[in-house]
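Now, the feature entries from Swiss-Prot:
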- Gly41, Pro42, Ser43, Gly44, Cys45, Gly46, Lys47, Ser48: ATP binding site (BINDING)
- 9-249: domain 'ABC transporter' (DOMAIN)
Amino acid sequence: MRKMKMNKFNIDNLNLFYGENQALKQICLPIPNRQVTALIGPSGCGKSTLLRCLNRMNDLIEGVKIDGLLSMDGEDVYGNIDVAQLRIKVGMVFQKPNPFPMSIYENVAYGLRAQGIKDKKVLDGVVEQSLRGAALWDEVKDRLKSHAFSLSGGQQQRLCIARTIAMEPEVILMDEPTSALDPIATKKIEDLMESLKKDFTIVIVTHSMQQARRISDRTAFFLMGELVEHDDTHALFSNPRDDRTRGYVNGDFG
């Protein structure tokens, strides 16, 4: 039986420095399994930095120093682990759609081919399953050989989600995945997240408080590198404990 209330990640006294600049300050945050957790706050508050800690994307930035504990299923993410495998388990969808310059089919199959999977029946099955999972199959099933760039922006973003799903991750990180999309495409992505959380843990960075309220189960509010407050989303927006949270969700600053 699936244990919905277990935490996928536990973050304890996490600090991150870019050189001498401290971007995250003693962050303590549980991220529950198979729920949507939204990270909100004004620009530069540290929410995207924390998101990138979860799959060690910050390792790619020169001069980054991290201390504290970040565990996934009880295993130290910054311990002696295979980072490539971590990034398969913890997939990422970026702010702007970034399909590869190849066909729709090959975008989804790319990661599988990179792992040495060549069986066409296996590839066909995973491509269809992943596109269905991203609510895109019915729109593209008759043109899988078409170039990915022929898709609309919203379709391209769902293709990127399908590409992530194909690798069978446990977690999907989303860094403002709808900020470049129109309202109709945004609604499709939001509806998709509701269905995806049945199988995946989702952590999303969003500048839209309305979006956080619509889609997330838990919300964490960041300000100047600090985690000010985290709670059930309804509770955080309707009855915040901290005056800074109240000011932000009321639109007093942002």
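One is the number of the first residue shown, and numbering goes on along the chain from there.
Cβ coordinates are placed from backbone N, Cα and C, and glycine is handled just like the others.
Computed from a predicted structure; not experimentally measured.
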Which one of these binding-site residues, Ser43, Ser48, has the sparsest Cβ neighbourhood, judged by other Cβ atoms within 10 angstroms?
Ser43
Using a 10 Å cut-off on CB atoms, tell me which of the binding-site residues Gly41, Pro42 is the least crowded.
Pro42
Additional residues surrounding ATP, by Cβ distance to the Gly41, Pro42, Ser43, Gly44, Cys45, Gly46, Lys47, Ser48 centre under 8 Å
Thr49, Phe222, Leu223
DSSP says Gly46 (ATP binding site), in three-state terms, is coil
Of Gly44, Gly46 (the binding-site residues), the residue whose Cβ has the fewest other Cβ atoms within 10 Å
Gly44
Say we define neighbours as other CB atoms within 10 Å of the CB. Which of the binding-site residues Cys45, Lys47 has the fewest?
Cys45
